[in-house]
Amino acid sequence: MKPPILAVVMSTVISGTIMVLISSHWLTIWIGFEMNMLAIIPILMKKFNPRAMEASTKYFLTQATASMLLMLGIIINLLLTGQWTVLNMPNPIASNMMTAALAMKLGLSPFHFWVPEVTQGVPMSSGMILLTWQKIAPLSILYQIAPSMNPNLLMAMAIMSVLVGGWGGLNQTQLRKILAYSSIAHMGWMIAVTTYNPTLMLLNLAIYITMTLGTFMLFMLNSSTTTLSLSHTWNKLPLIASLILTTMLSLGGLPPLSGFIPKWMIIHELTKNDMAIMATFMAMTALLNLYFYMRLTYATALTMFPSTNIMKMKWQFESTKNTTLLPPLIMISTMLLPLTPMVLTLF
């Protein structure tokens, strides 16, 4: 894609999301979602091939259905209240419809089937945008309408998403699919806490985005798309292999790393609200995610590929990819735990 066209398309995607974030009127929110959806499709089809075409079609169909459901919820709400404002939602039918529409946009279970397929079919950079930037707008609306939503519906979707995100990624060898299932599980954690403390959802989103961006950038630097190609990393870029290890463990939510903060806070919040069984269940299902991250770290940093590099001359070309953002992203996604009190005051 030519740079000027890419710039126009990306600016439309960004302005669509910003429009959703700053609007308090349902129609402008809906228009923002549409702008965002129509502009992201050329980005998904950047490298034009049948896989990307199929993935973009799947994405378009699910997002269009979600937009239709959202509009239906908006119209029902308008007929009952006579208002377009976001915060006024007394009707449970409108509220449940909007919840389903936003769950479809986010890829929450049971509307999760498009996420792994679309992520696998598009290039790495497009997958990165899909699993990070595209989550911001729907979650901002969930944040605003959280008080008027059905907590039982949200909890059911959260439990299913955490389970699907854990079980789905176990047997995968494709890195994009693994990250897609990881995204579904993280969305489940975010939705679980929405009813009790929506601000924690924003904290979880911010940390999830930094971790996922860091992981995608490490994979792109290495041009890896499968576990096998990732296992060659130690021979070419030993430092990158150890960085992948730490970011993976952080994604899994292990204590000394940043990924532990949201899990710790969410479990604390759920326990405070007499949801100890739910918190225990979610902590146990997080082990499924940790297992497939451990598989990746084992393949990357803890096993040695049979052919040792005894040549004096470097046989690979040096990577020319831009890595300006990588060091800060890796630092934020691994070393934030001691700053937890400061992070909590910010949120």
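Every residue, even glycine, has its Cβ placed from backbone N, Cα and C.
Outside the transmembrane segment (5-22), and at least 6 residues removed from its termini, the chain residues within Cβ reach (under 8 Å) are 28-29, 31-40, 42-43, 46, 129, 133, 136-137, 140-141. TrEMBL lists 5-22 (among others) with the feature transmembrane segment.
Residues or ranges marked as domain 'NADH:quinone oxidoreductase/Mrp antiporter transmembrane' by TrEMBL: 23-287.
Residues annotated as transmembrane segment in TrEMBL: 28-45 (among others).
Counting only same-chain residues 6+ beyond the ends of the transmembrane segment (66-87), those with a CB under 8 A from a CB of the stretch are 23-27, 29-30, 33-34, 37, 93-98, 100-102, 104-105, 111, 141, 144-145. TrEMBL lists 66-87 (among others) with the feature transmembrane segment.
If you look up TrEMBL, you'll see 152-171 (among others) marked as transmembrane segment.
Residues annotated as transmembrane segment in TrEMBL: 178-196 (among others).
Marked as transmembrane segment by TrEMBL: 202-221 (among others).
Under the heading transmembrane segment, TrEMBL lists 233-255 (among others).
Outside the transmembrane segment (275-305) by six or more residues, the chain places 155, 158-159, 162-163, 165-167, 169-170, 172, 175, 178, 181-182, 185, 188-189, 192, 196, 227-228, 230-235, 241-242, 244-245, 248-249, 251-254, 263, 266-267 with a CB less than 8 A from a CB of the stretch. Per TrEMBL, the feature transmembrane segment maps to 275-305 (among others).
What TrEMBL records for 290-343 is domain 'NADH dehydrogenase subunit 2 C-terminal'. Confidence over the domain 'NADH dehydrogenase subunit 2 C-terminal' (290-343), given as mean pLDDT on the 0 to 100 scale, stands at 80.
Taken from TrEMBL, the feature transmembrane segment applies to 325-344 (among others).
For the transmembrane segment (178-196), the partner stretch with the highest count of Cβ pairs under 8 angstroms, out of 152-171, 202-221, 233-255, is 152-171. Long-range Cβ contacts of the transmembrane segment (152-171) within its own chain (Cβ-Cβ under 8 Å, at least 6 residues beyond either end) map to 96, 99, 103, 108-110, 112, 116, 177-178, 181-189, 191-192, 194-195, 278, 281-282, 285-289, 291-292. Beyond the ends of the transmembrane segment (28-45), by six or more residues, the same chain brings 1, 5-6, 9-10, 12-13, 15-20, 52-53, 55-56, 59-60, 63-64, 67, 70-71, 74, 86, 105, 118, 121-122, 126, 129-130, 134, 137, 141 to within a C-beta distance below 8 angstroms of the stretch.
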